[in-house]
Amino acid sequence: LSEKTAKNIFGLVPLTADGACDGPEKKAVAVVTGPGPGYQERETWTRQMDFMMSCVGFAVGLGNVWRFPYLCYKNGGGVFLIPYLLIVVVGGIPIFFLEIALGQFMKAGSINVWNIAPLFKGLGYASMVIVFFCNTYYIMVLAWGFYYLIKSFNSPLPWSTCDNEWNTLNCIEIFRHQDCNGSLPNTTMSNNMTCAEMANARSPIIEFWENKVLNISSGLDETGEFNWELTLCLMAVWVMVYFCVWKGVKSTGKIVYFTATFPYVVLIILLVRGVTLPGAYDGIMFYIKPDWSKLEEAQVWIDAGTQIFFSYAIGLGALTALGSYNRFNNDCYKDAFVLAMINSGTSFFAGFVVFSILGFMAAEQGVDISQVAESGPGLAFIAYPKAVSLMPVAPLWAALFFFMLLLLGLDSQFVGVEGFVTGILDVFPGKQNFRYRREISVAICCLLCFIIDLSMVTQVSDTLTGGMYVFQLFDYYSASGMTLLWQAFWECIVVAWVYGADRFMDDVARMIGYRPFPWMKWCWSFITPCVCMGIFLFHLVNYKPLTYNNVYVYPWWGEVIGWCLALSSMLCIPVTLLYKLFRAKGTFKERWAHLTCPVWGPHHLEYMAPDIKSLSSLSPGTDDNKVIIFESVM
């Protein structure tokens, strides 16, 4: 090796005379950050199955169970699978693979992974902001699920009767609105209530949810003391998350074997129970019956695209962090397809479970299935608890369901925290040998999120809580479809057009031993960015102010807070880009060339060596290759 090349390998100077990269076709032309004192090799998964289980646990979450089935029935049943699968192929899988491959290639978390094009490091900061907000509010669903799980061990179930302290005079356990069709308002029904009174009647499960669990107030501006029962549940869940993450991927990779697989056992049990209930067949047919006219509606295609980006956990940086712990030669291309099939298959399978139960619930109440079909928290905490309250041995089925709900959300939560902490530790490496560095970092992250979460469990009096409005504000803006689509669009642009799609395909080939199908390159370069930007603009044009239950309209300052949450991540990309350009020296062309020059890590030493002619015939990772590289450097 020449003195100049040897210095470059040790991270002293760039290869080119002017210190800039000459173009994406020159892979070795870049700055290399040397190992330096105290450098420790990045830890890897004990087994590759640990990585697969972690990805399944993170990507397969509550959205697969409570959002996909509702969207499927709402958008034409089985017909919805056509736009869904099409966007999986052109958008979901390409970006899913891109994020995992980037992490594996750069061996870094969501921030340092963009050393591949340092000018766009704002992408890493944006994903960190999004996943932080997501970690903050998502765990509230787990706190509610944990609260329901505890209450499930009571018989009768507390949400099945109207004789509790939180119930009102309008509470009715069983009522049939269709009996009042065509009747006069003052007609008395069998339960000694008139039809006018029946119109204002409330189910005990709704009163349990709103009056007991949420103690919901009249608006966002009413906050005060804490709901201590919910606060204790929140604290307990955060403690679980901490002890799942504190030791890194060595412990996380073991825990996900249970948290990622046991929900499938529960889903199968619930399906077997569901299909044996009266009305289950009608519910399932309602779920899959095709309505071909729906394909003409733009909203159907938008719903499919948005669901995929939510379900595949794209743009959060956690997939990048998980991929960074892979072996350099792991076949992440094959992994991406397997994980995508598991994710989408789980969504479709969960629909049969949900709608078999909803069909039974509709048959018991004598109403149409469309009147009981819910999405989101409405399904998990209203429709499903109501359904299980009508079954024999109701506490057993309630406990099974909420235990599954807790596990589905728990692995998504702690892998999200793992992704955030990984990014932080990569940016601030500090003393690598500091014994409790990770444990303290995870504790600070969990504590900070817990403090913010306290705003979501506040109450203004003995009976009123405003925390639900804060939760929905985070849910609607901070990790919304627009922020994830914006993030995914720029990821594709940077890799395909700044770093170079062909160049990255070569990098992937170096890792996995073969070149992926060109379809990936075409998607990164053209198709996926167009899909992301099209759905993004549709969301922007059809933006509607946030409301709660279509009744409460958020005040103007509430919307301002929401947009601040959204823009706090979206603006990271352009602001960081402009800041780096203005701080650099030289002409615009020189600044661009310098700032888009990749910064390689120590593990790329072996990857860059094949530029030497004597090594061109050797495949990466062989013992001979390692010996020759060592001797060459010496």
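Glycine too: its Cβ is placed from the backbone N, Cα and C atoms.
Unlike curated records, TrEMBL annotations are generated automatically.
As written in TrEMBL, here are the features:
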- 51-69: transmembrane segment (TRANSMEM)
- GLY57, ALA59, VAL60, ASN64, SER311, ASN343, LEU408, ASP411, SER412: Na(+) binding site (BINDING)
- 81-102: transmembrane segment (TRANSMEM)
- 123-150: transmembrane segment (TRANSMEM)
- CYS162-CYS171: disulfide bond (DISULFID)
- 226-245: transmembrane segment (TRANSMEM)
- 257-281: transmembrane segment (TRANSMEM)
- 301-325: transmembrane segment (TRANSMEM)
- 337-363: transmembrane segment (TRANSMEM)
- 383-408: transmembrane segment (TRANSMEM)
- 440-457: transmembrane segment (TRANSMEM)
- 477-501: transmembrane segment (TRANSMEM)
- 522-540: transmembrane segment (TRANSMEM)
- 560-582: transmembrane segment (TRANSMEM)
Stretch in 81-102, 301-325, 383-408 most in contact with the transmembrane segment (51-69), if contact is a CB pair under 8 A: 301-325
Using Cα positions only, nearest of the binding-site residues to CYS171 (disulfide bond) (GLY57, SER311, LEU408, SER412): LEU408
Contact check, the transmembrane segment (257-281) vs the transmembrane segment (477-501), 3+ Cβ pairs under 8 Å, seq sep 6+: no
Integer Å distance between the CA atoms belonging to SER311 (Na(+) binding site) and CYS162 (disulfide bond): 37
Selected stretch (most C-beta pairs under 8 A with the transmembrane segment (440-457)) from 123-150, 337-363, 522-540, 560-582: 123-150
Proximity of the transmembrane segment (560-582) to the transmembrane segment (301-325), 3+ C-beta pairs under 8 angstroms: no
The transmembrane segment (226-245) touching the transmembrane segment (123-150) per 3+ Cβ pairs under 8 Å rule: yes
Those residues of the chain, 6+ apart, with a Cβ under 8 Å from that of SER311 (Na(+) binding site): ALA59, GLY61, GLY63, ASN64, ARG67, PHE68, GLY92, ASN343, SER344, SER347
Two-stretch contact, the transmembrane segment (81-102) and the transmembrane segment (522-540), at least three Cβ pairs under 8 Å: yes
Other parts of the chain folded back onto the transmembrane segment (522-540), taken as Cβ under 8 Å at six or more residues beyond its ends: 87, 90-91, 94-95, 98, 298, 302, 305-306, 481-482, 485-486, 488-489, 492-493, 495-497, 501, 504
Chain-internal residues, separated by at least six, CB under 8 A from VAL60 (Na(+) binding site): ALA260, PRO263, ILE342, ASN343, THR346, LEU408, SER412
CYS162 (disulfide bond), number of other Cβ atoms within 10 Å: 16
Which of CYS171, LEU408, all recorded positions, has a Cβ with the fewest other Cβ atoms inside 10 Å: CYS171
Residues within 8 Å of the GLY57, ALA59, VAL60, ASN64, SER311, ASN343, LEU408, ASP411, SER412 Cβ centre (excluding the Na(+) site residues themselves): VAL56, PHE58, GLY61, LEU62, GLY63, ALA260, ALA313, THR346
